[in-house]
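Database features, via TrEMBL:
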- 331-594: domain 'G-protein coupled receptors family 3 profile' (DOMAIN)
- 333-357: transmembrane segment (TRANSMEM)
- 369-388: transmembrane segment (TRANSMEM)
- 400-425: transmembrane segment (TRANSMEM)
- 445-465: transmembrane segment (TRANSMEM)
- 489-512: transmembrane segment (TRANSMEM)
- 524-544: transmembrane segment (TRANSMEM)
- 550-571: transmembrane segment (TRANSMEM)
Amino acid sequence: HQPQTLRFQFTSASYKRMQVMRFTVEEINNSTELLPGVNLGYEIFDYCSDIGSLLSAVDFLACGNSIHTGAKRACRPKVISVTGPFGSTETITVSQLFLFNHLPIVTHGATSVQLSNRERFPSFFRTSPSDKFQVQAIVQILKEFKWNWVAFIGGDTDYSRDALRVFESEARLANVCLAYQGIISVKDDLQHENVLKVINEKNIGVVVLFAHIEHVTSFLRVAIKKKVRKFWIGSEAWSLSTELVKENNIDSIGTVLGVNLQQMGPLNGLSEFIRKSLNSTQSPPPDSSETCGQRSDPNNCIPCKDYEWSSNRSTSCQNRTVVFLRYDQPVSIVLSLATIFTILLCGCTLVLFACHYDTPVVKSAGGKMSLLILCFLGLSSISIFFFIGQPSPTSCNLGITTFLVFYTATMSCLTVRAFQIVSVFKMATRLPRAYEFWVKHGGQWVIVSICTITQVFLSILWMSISGPQPFQMKPNREIVLLCTVGNYYFLYAMFTLVGLLSVLCFSFSYMGTDLPKNYNEGKAVTFCLLIFFISWTLFLTLFYVLEPKYISTIIQFSIFFSVFGVLLGYFGPKCYIIIFKPERNTAAYFQAAIHTYTQQTR
């Protein structure tokens, strides 16, 4: 026969334990205080975690070509003690071979209750306590929180079967009802699905999972796939596993409480730990029935809490997902970068206009007023940041009011500027006294101040009487954090003021379409206002169509396009002339345009 190659999985934990053993032996041999005068030797055998390979791994017991199990032996084994194997099933299997020679076997992982029987295993010793203590600790947890309707799931090993027998006995004494018990194999998904199905059908909320890591990993993967959410109590064999934590969506299975017996003593702080795990200020509710075997009527439902949801015919509640526009979301990052770019663009334009303040282009754009408009646009952009992050009373109040106040100031400046240009060419000759009064008393600044102060006054009233506040919407499985609108009448009044200024600005710009090209703001203002109207009309449309969680994003885009539209439409052409067409930015060029207009109007 051809030799057969077998493949086994490498167990890193066993390899680490072997290295610790080697290190310990070297420390003893090199020490003058630990076992002085004694040198220890060792030989390592790997049975590859396969019981069928154990016999070949214990050939150190052989005399000649066979292992003798009789009472009289012609030779003695070449070893004085055996360490391992790690598991209970493997230890029980090979310990019978050592029994005939009373060869001591010391293990650090075999915790089966069977091995405590001195009549069967007189030469067995271990450095870890029996599973009996671990099971007693688990039962004490169940008793403390009055969980008397539980399931016990174990693997097809002596480790789990022995623990199940002890658990049945201890649970009976503690009046804990074992509603279901099951033994699972490794990588048997169909079996795991059936076990989980029975657990759900029996409405069991607490599951004791007493098995080795390979059984648990396979079983919990199916639980994740089937979206089973329970309270799991894990044995020390897997509760501290770092590999299991790395499983995808492992947090979806519910709460896991691990039991570890490395340090014996009172379980101080256990109640607080469970409460923190459940995100609750109270002890976990008992999932129990009045008597063992009886369950509550599934037709008498208990409503979920406000922060929970439940699907149809479900017997448990799930936590809702909290939704708001977070800083790390792609749309927030894009809007933040776009806003910063807009603010920087306003600053650069402001510097450009300040450096060319005495040129005709800047004068025709409004002079000091154009610089003020750029400041207002930058301040309007800042309002976008108030819509990112979890809503608070401050962010809700400052979000829309900051935009409306400074954008009102912007539109009032544009409206006054459009009116002034029309007045210079048309009203100055027809109504000279009215025009003189307007210029003498700074009419443009009066109008801008009145409009801005009116908007500030409306904003203060709105926030004082019934301003926007954070609130929660709970559609389906989510908790959407938003801001209320507050008093609709004040909000409508504030938007109406902005809309009225926009209409007036457009009207004055349209009246000046026949003015000299350098003073004709019709196209620029029309472009700005078109962007403004489209943005907010689209917002009102989507407000009633899209889900509530998208409202903040829609408002941000509307604000951005409103600001950027003015910056691009009104200041863009002027910046182009200043930078690329300086020959048009001269007094002679503007006077020639005015002269041509005067000749045409005669």
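Each Cβ is built from the backbone N, Cα and C atoms, and glycine gets one as well.
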For the transmembrane segment (489-512) against the transmembrane segment (369-388), do we get 3 or more Cβ-Cβ pairs below 8 Å once near-sequence pairs (under 6 apart) are dropped?
no
Within-chain partners of the transmembrane segment (445-465) [C-beta distance under 8 Å, separation at least 6 from its ends]:
369, 397, 401, 404-405, 408-409, 411-413, 415-416, 486-487, 490-491, 493-494, 497-498, 501
List, by number or range, the same-chain residues at least 6 past the transmembrane segment (524-544) whose CB is under 8 A from its CB atoms?
414, 418, 495, 502, 505-506, 509-510, 550-551, 554-555, 557-558, 561-562, 564-566, 568-570, 573
Could you pull out which residues elsewhere in the chain have a CB under 8 Å from any CB of the transmembrane segment (369-388), counting only those six or more residues past its ends?
325-327, 332, 335-336, 339, 342-343, 346-347, 349-350, 353-354, 362, 395-396, 398-400, 402-403, 406-407, 409-410, 413-414, 416-417, 444, 448, 552-553, 555-556, 559-560, 562-563, 566-567, 570-571
So what's the mean pLDDT when you look at the domain 'G-protein coupled receptors family 3 profile' (331-594)?
85
